[in-house]
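Everything on this sheet refers to the single structure shown next.
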Amino acid sequence: MVDSQYYLPNDIGISALDCREAFRLLSPKEQMYAHYLSRASWYGGLIVLIQTSPESANIYVLLQKMFRAQAPPQLEAAATAAGLSAEEYQAFLVYAAGLYANMGNYKSFGDTKFIPNLPKFKALVWESLAFKQSPGDMEALWGCCCESLYSLEDKQKQLGLGEKGISAYFSGNCCLEDAEFAQKFLDSKNLSAYNTRLFKTEVDGKRCYEVRLASAKKGEYPDEVCFGKHEFEDAVFFVKRGDYAFLMEKVCQNLEKAKDYAANDNQKRMLEEYIHSFACGSVEAHKEGSRYWIKDKGPIVESYIGFIESYRDPFGSRGEFEGFVAVVNKAMSARFAQLVNSAEVLLPELPWPPAFEKDRFLKPDFTSLDVLTFAGSGIPAGINIPNYDDIRQTEGFKNVSLGNVLAVAYATQKDKLTFLEESDKDLYIKWKGPSFEVQVGLHELLGHGSGKLFVQSQNGHFEFQISSWYKGSETWDSKFSTIASSYEECRAECVGLYLCLNKQVLSIFGHEGEDAEEVVYVNWLTMVRAGLLGLEFYTSESKSWRQAHMQARFVILRVLLEAGEGLVGLKECTGADGRPDAVITLDRSKIHTVGKSAIQRFLCRLQVHKSTADVEGGRALYEGYSAVTADGTHNFLHLRETVLLRKEARKMFVQANTYIKGSCLLVEYEGSAAGLIQSFVERFPDDAEKVEAQLLEMTCVLLSFTFKIPKHLCNAFFI
């Protein structure tokens, strides 16, 4: 019997992101700018299929062909003919929607594989109009993904490196030692891993690695990238361009069109640098584009695009492609502007010594946005970018809060609210939204935006004695690698908890008196509950975490439980349904004393290890609190089983499309599995078949390395 955690439930929440009014208020020029940026993002977002798993693109193409021939309502007749019940057909639609929403068959939040909750998938494919129109193509597509579609072998249950899971950032014969060795090579050449994949072969007993740079162009290109063959220690590295070349070219073409509608020179120069970066594979050009992006203060249409977040690289250095386009919500942005203006007063409140804070706070843009397009594996609630340490430390960054995502993502039904006392549930439902808004603001601006990294200067001196620091091309991600993302999320979450106790912060968000105290209580309660929920994202077999934020929240729960004095209570019990349950409680009278002191001490330790590049100390601290064991006061391994028993699926979002028919038009879809599917079917109206053929071609590259299938046989298989 298959564990239910690998199915998406038929009643999973699916909501449409409302951007109609925001889009309507744009000028025709701004609408055109948003349109072409969206096109670039959607084409680039398809790269995530290739980055996720060897089979993701094949499944995507299979589904696209089926739904392009028959929309979900029409395909239902074929499902009935194939013997599917109404529940089974809904399970099929939910699976398809899940693949589109996650851009692959692994959950973007948790990195767990999900499989179709129906045994008659093949029968439906054979009964579909797409199969009847092209039986050879459809049978070949089915043949290349039918086993991996359902496979739950231990290694295939989650993303990971080597025997711990699946990763398409590396060929299947790579392990952690290969990732570390490759990072050492990249550092020696001052090359970033952000836009790369690594493939390993062996020739005459010698290790050979191919570092593939994402770029539209292939071969030589006059720039700063170290293209070609390199002898390194006892191995050979080949640095090659042209990964995802077709899609990268599509991104460049649409960014070029967007330039004609840019509002100012900063936007034009930003796009020029992005185009250069995506054409030749230069991270340095993307960094330069990010500098112009930072300078583009208060744009009406906000966007960012590239290989951004490294959460899903098991080694923590390679970025997943994402692109977003959004419209500023002026009313909510005014509150965030107040927070920015107060930052220089609030930063000294943080618990580390002044020397560990940046010499000068570079006031960023902080805006609330209504998302028009967010292409990638998932949509966050807030973002702090760019992720380049050298830019963030000395030139600045931007923060965004995604308002129309927050509006629908965290709505909670009382009967589905787990692990809280009944007396807390109504408070939680009332104040979860407002408290999360405060937490997101503090997390992004003063969490990710604070703290200094000690980087060795040209003369090699520091103002005071420290035992370690960042050298040469070392970065936070390359140095702390596998724990970097979660560690930093934990630090930012702690900053949010710590500073939400400040009355000035609460006043900025419109909370005074008793209401302010309710916001504080629910914010802290949300965090400790999230720490318990985080156990869903821990794999006990490999003793590994699959989601950076949830690992961070579990660590915070451990810190607050360790504080003692009755601050946090956690007990196992039997639920009203007779199944195992648990209840977590928080003593609000001790938040400002016991709680604040515990976070203060822990936050200081996190920052000192980070600032001084103390990997050994930081790893020992963080992995210690991340450990999930049956020892001690709480049996977390047993609690994990209870959490899995009562888990609720994460919501999915339906996004609009834009078209040019004389003017720029917005098309929205219903918040359902069918609506989500239809939005993707209509997303690439002009060249869908060519896009799909190229996706299959790109999949062959990974298959030829991972499974030793000659590329010409891969191509023959997908004709």
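Backbone N, Cα and C define each Cβ position, glycine as well.
So that you can see what the record holds, here are the features copied from TrEMBL:
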- Glu444: active site (ACT_SITE)
- His443, His448, Glu489: Zn(2+) binding site (BINDING)
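Shown on the structure are the features that TrEMBL records.
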| residue | record | contacts (Cβ under 8 Å, 6+ apart) |
| --- | --- | --- |
| His443 | Zn(2+) binding site | Gly382, Asn384, Ala492, Glu493, Val495, Gly496 |
| Glu444 | active site | Phe366, Gly382, Ile383, Asn384, Asn399, Val400, Ser401, Ala492 |
| His448 | Zn(2+) binding site | Asn384, Arg392, Phe397, Asn399, Glu488, Ala492 |
| Glu489 | Zn(2+) binding site | Ala548, His549, Gln551, Ala552 |
Problem set entry | Chain-mates of His443, His448, Glu489 with C-beta within 8 Å of site centroid, Zn(2+) | Asn384, Glu444, Gly447, Glu488, Arg491, Ala492, Glu493, Val495, Gly496
